[in-house]
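K.L.:
Pasting a structure here, questions to come.
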Amino acid sequence: MITITLPDSSTKTFDGPVTGEQIAKSISEGLWRECVAVEVDGAAMDLSEPIATDAAVRLITTRDPEGLHIMRHSAAHVMAEAVQRVFPDAELTIGPVVEDGFYYDIDMEPVSEEIFSRVEAEIKKIVSAKIPFVRKEVDKAEALDRYRDQPYKTEILNEIEDDTVSLYTNGDFTDLCRGPHVPHTGFVRAVKLTKISGAYWRGDQNREQLQRLYGTAFFSKKELDAYLTLIEEAKKRDHRKLGAELDLFSFHEEAAGMPFFHPNGMKLWNALLDYWRLEHRAAGYVEVKTPVMLDRALWEKSGHWENYRENMYVSVIDDNQYAIKPMNCPGGMLLYKEKRYSYRDLPLRVAEIGLVHRHELSGVLSGLFRVRAFHQDDAHIFMTPDQIEQEIFGVLKLVETIYSTFGLGFHLELSTRPAKSIGTDEQWVKATAGLRAALDAYGKGYAVNEGDGAFYGPKIDVHIKDALGRTWQCGTIQLDMSLPERFDLSYIDAGSEKQRPVMIHRVIYGSIERFLGILIEHFAGKFPLWLAPTQAVLLPLNDDMIPYAREVRQEFEQAGIRTEIDDRSESLNKKVRQAQIDKIPLIITLGGKEKEARTLSVRTLDGQVRHGVSHEAFFAVAKEHIAKRLQTPVVFA
């Protein structure tokens, strides 16, 4: 007899080995039809695999996130088979699931998106046939013989240490794969190829260049259509497109991956950092600045030279090797060591907007999202062990304050001790307990990623959600037990003994360049008044009004409102249209009537028009919006 325990703690008994499919059918036909795989004692398996011992079982359905992941894995196989039908000489490599879909790297002649319709036609045939995915475990030697003419698969096989490997076959197509897969190709109900790009085998630019075909898949056409609509909206909001249209930033081949910020971009940048500094001063942080280039010996001491050397830019000065910093932390350690600290001086909260450089392959550079030079809003908090909870809680509240100002929701994930780590059991228990206690006190809920912490300490990752519902990992609250040890940091406790401080390394914006890119897309370039590069534009009705417009601009600037004048010899309608294209929140018309009455005709970006607004009333509303950093539309009575 075999006893199967279900998630609700109920049990089912079977006379002998049983499959997930049989378990599902024993519960209901409807459940069986929606099952894609089964989780047995925490491990995902095919529905057709026998379960030979007592086990805790969870049926994975089309409603579960894991179900979608498994189906997309199967969709990658279906796409690969379809490609081989269209291009018989194409040689397959690997095809993993990624966020929002999957891809397959294929060795074939360069192709374009023109092939998508032909490949998708074959996909439809494969899906309609509802071909079963059949798993077969074979000796590694047999697999090597099977793939002897396929060097990519042979390379993968030679790296596998197990004596047996699994192959999956659906119809005439077989691929090396761990699985699991959906029962048959009919579960891949709605598929769309999305893009194609070049990729190096194993990410090594010295290896073969492949064609990477991306796709996505859903369990229903309705879900696919909703996703494609989202993608189209995302294209309209693409920060690279809006960055050019709004004259915010640019890139040049003379400095690949290093953005050039234009005057409009710098206004946005400064507004972002002015706000950051305001909140950090209020939260008790001091700001510092450390050098961009530091001696190799420092990077050896910090461990970066050993673990991060390939991503660092190095130079030789006076026969000494220096590295441009990829991270701000080591410089912060040197600053701490300059002074002698007592327990009464702690916690010490030190923040830095530091410029860092990291070498990224040219193929992965992507606008402001993936660059080689960027600024990071690092902070290091030095504290005693019993201050961990209160300091983590304080950072969480600061995170909430800052993200809510931009209308960004977020969720939290706690990552605990990995298999390889430094520090004692006692240190890890106390550190993790401090993070948990702070999260529990914060009270907003969190997920736990067991074993996913850094080797030097547990961490909290903060994932923000933008206006399109996309999530971005920006903030990190990392407890670091490595650097205080490496740099021999200390403080004097109440008993006049030296102690090692606990250190939190945290970022909120993360890469400021990347965060700006996220904000551009979040707001679709229509920034709230306080953040907009140009907050108001003055449109003189004729050349005679230009001197008056200059007077008004000076008045606006003195009131703290970033203002420009459009004095081109164009019609008012064209000027208004240009201001709308430039997404300027307040568009103000100045004519003889307005000059005589000392009033303003104000048009907002959302189409509201108000005539006869006094300067005093205008300033009262605009200054309140800016001071309070409101996201709501500006409304004039």
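Each residue, glycine too, has its Cβ placed from N, Cα and C.
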K.L.:
Which one of Cys177, Cys329 goes with His380, His505 at the Zn(2+) site, as Swiss-Prot has it?
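P.N.:
Of Cys177, Cys329, Cys329 joins His380, His505 in the Zn(2+) site that Swiss-Prot records.
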K.L.:
Near the Cβ of Cys329 (Zn(2+) binding site), how many other Cβ atoms are there if near means within 10 Å?
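P.N.:
Other Cβ atoms found within 10 Å: 22.
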K.L.:
For the domain 'TGS' (1-61), how many residues does DSSP put in helix, in strand and in coil?
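P.N.:
Its residues divide into 14 helix, 28 strand, 19 coil.
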K.L.:
If you count other CB atoms within 10 A of each CB, which of His380, His505 wins among these binding-site residues?
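P.N.:
That would be His380, with the most Cβ atoms nearby.
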